[in-house]
Every structure is written in structure tokens, then in C-alpha cells.
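Trainee: Input: one structure, supplied below.
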Amino acid sequence: MEGEVGTCSSMAALADSLKCETQGEGGSGVIVNESKSAEFPLSFWEIGVAVSVVLGYALGLGCVYLTMPASDYSFLKLPRNLEDLQILRDHLESYTSDYTVQVLVGYCVVYIFMQTFMIPGTVFMSLLAGSLFGVFRGVALVVFTATAGASSCYFLSKLIGRPLVFSLWPDKLTFFRDQVAKRRKGLLNYMLFLRVTPTLPNTFINVASPIVGVPYHAFFFATVIGIIPAAYVTVRAGITLGELQSVGDLYDMHSIVTLFLIGLVSITPTLIGNKN
């Protein structure tokens with residue numbers, strides 16, 4: 001009971017704070033009624049928007065499917081482990097050379113959809129990019145699709161995500177909001193630090209950023225630049241997919257230390273500015 005009361009209190013405090021900030025900016029924001037959020041986080045029209053986005057992605061995949069040759073596509077499913085990924089890779093390799101455009105479009109639609117709706121498994125898609133397209137094209141493809149998916153999630157959350165984020169991550173949202181408020185002058189560096197290091201999950205950053213007031217330009221540039229190191233590590237590992245025993249093999253101690261050093265460099269200007 002005490003935990004429930006504490007969670008409700010933090011949600012109320014956060015909602016009041018965001019409401020005050022919104023009114024101070026001209027009252028252009030929308031605060032969803034908390035009693036409504038407690039009963040059901042999304043309204044009918046908000047669900048309609050989400051369903052429309054899903055149908056749009058489904059239409060894109062349908063167009064790709066119709067332009068592919070007749071064959072058995074039972075292997076087409078989201079990979080959940082390395083075995084699924086290897087099966088998918090083995091089948092797609094035979095199509096990549098003759099149907100490059102269709103494979104690229106299908107890959108992009110699936111990756112962006114997964115990012116938009118926070119579906120786990122994009123690490124397998126990054127491995128697949130390296131296995132099918134090589135390091136440089138694979139990294140470019142992953143950075144593009146990850147940024148597009150994160151941006152799609154950002155704007156969808158800005159439109160309908162506020163009550164859902166309030167109900168799922170009230171404490172984490174409070175922490176993120178406070179950190180963003182303290183680092184306004186060096187926000188790009190802070191967002192870059194979050195992207196490079198596992199301080200906060202990327203899915204949470206995508207959905208919470210518009211709610212705590214992170215402007216899109218800072219979100220965009222931090223995403224484009226910040227995901228390159230991890231994308232490179234994952235895509236490069238995809239080239240030797242058959243040698244991987246588990247996803248944990250992707251990040252050895254050297255890779256982890258390198259990512260943290262990059263993150264430290266990215267946030268140093270902000271720390272120096274705060275000290276001054």
C-alpha cells in the first residue's frame with residue numbers, strides 16, 4: 001500500500017509540475033486527466049491514431065510482399081534468438097542480390113515499426129543488416145532506420161503517449177524530467193550521453209523525451225550521432241553471425257569501456273558548464 005501511495009504521489013506531482021511548465025509556455029500543451037489515465041490510458045481517438053499507424057506499416061509490408069516472387073515465406077518472422085536470425089539470414093541472402101530494393105524497403109519498414117512501438121528485438125535486426133549488407137552499408141542502414149523509428153516514436157508519443165508514460169514509468173519520468181531541467185544549456189551533450197551509454201533505455205528516451213520537453217532538434221542529432229558506436233559494434237558482429245553463441249558476446253569489456261568513454265567525452269562540456 002505504501003508503494004502504491006508513493007507512486008500515485010509522484011505521478012500527481014509530476015503532472016502538476018508539467019502542467020505549470022506548460023502554462024508558463026503559453027498553455028499550448030495538453031495534460032490528460034489523471035482519473036481517466038488510471039481507468040484506461042488512451043482515449044478512443046488516440047487508439048485510432050495508433051491503429052492507423054499500424055495499418056500504414058502493414059500496407060507497406062503488403063506492397064513489398066506482392067512484388068516479391070512466389071515462394072514459401074514461412075521463414076519470415078521477427079527473430080527472437082540467434083537461431084531464428086540465422087534461418088532468416090540464410091533465406092534472405094538469396095533474395096538480396098535480385099530483389100535489393102524490396103529487401104531494403106521491407107527491412108526499413110519492420111525496423112521503424114519496431115522502434116515506433118517499442119517492440120524488443122532491434123538488436124537482431126542490426127545483426128541482420130551487417131550479415132546482409134556489410135559494415136558500412138549496414139551501419140548507414142541501421143542509423144537511418146533507428147533514427148526514423150525513434151523520431152516516429154517521439155512524435156507519436158507527443159500526440160498520444162502522455163497518459164501511457166505517466167502510468168508506466170512515473171518515477172523514471174520524474175528523474176528524467178529533473179535531469180533535463182538541470183541541463184537545459186547543455187541538453188544536446190546530455191542527450192548524446194544517454195544515447196551512447198545505457199543510463200536510460202533507448203525506448204524510454206524515445207517515448208519520454210517529448211513529454212519532458214526535449215526539443216526535437218536535440219533529440220534528433222543526439223540520436224543520429226549517439227547510436228553510431230553501438231550500431232557499428234552490432235553490425236560488425238553480424239558479419240560473423242555464425243560465430244556468435246549469444247547476444248552477450250556482442251559487447252566485450254573493451255566495447256563497453258569504449259562506449260562509456262565516448263559518453264564521458266560527450267557530457268564533459270555540460271559538467272564544466274555547470275561547474276562554472
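Glycine is treated like the rest: Cβ placed from N, Cα and C.
Marked as domain 'VTT' by TrEMBL: 119-238. The annotation transmembrane segment is assigned in TrEMBL to 47-68, 104-129, 135-156, 192-212, 218-239, 251-272.
Help me see these features in their spatial surroundings.
Mentor: Over the domain 'VTT' (119-238), the average per-residue pLDDT in this prediction is 92.
Tertiary proximity for the transmembrane segment (47-68) is limited to same-chain residues at least six positions away from its ends with a CB under 8 Å from its CB atoms, namely 95, 99, 102, 105-106, 109-110, 112-113, 116-117, 152, 156, 159-160.
When Cβ-Cβ distances below 8 Å are used as the criterion, the transmembrane segment (104-129) is approached by residues 53-54, 57, 60-61, 64, 78-80, 82, 84-85, 88-89, 92, 137-139, 141-142, 144-146, 148-150, 152-153, 156, 203, 206-207, 231, 234-235, 237-238, 241, 244, 247, 250 of the same chain, each at least six residues removed from its ends.
Long-range contacts of the transmembrane segment (218-239) within the same chain: residues 123, 126-131, 134-135, 138-139, 142-143, 146-147, 150-151, 154, 187-188, 191-192, 194-196, 202, 209-210, 249-251, 255, 258-259, 262, 266, each at least 6 residues beyond the stretch ends and with a Cβ under 8 Å from a Cβ of the stretch.
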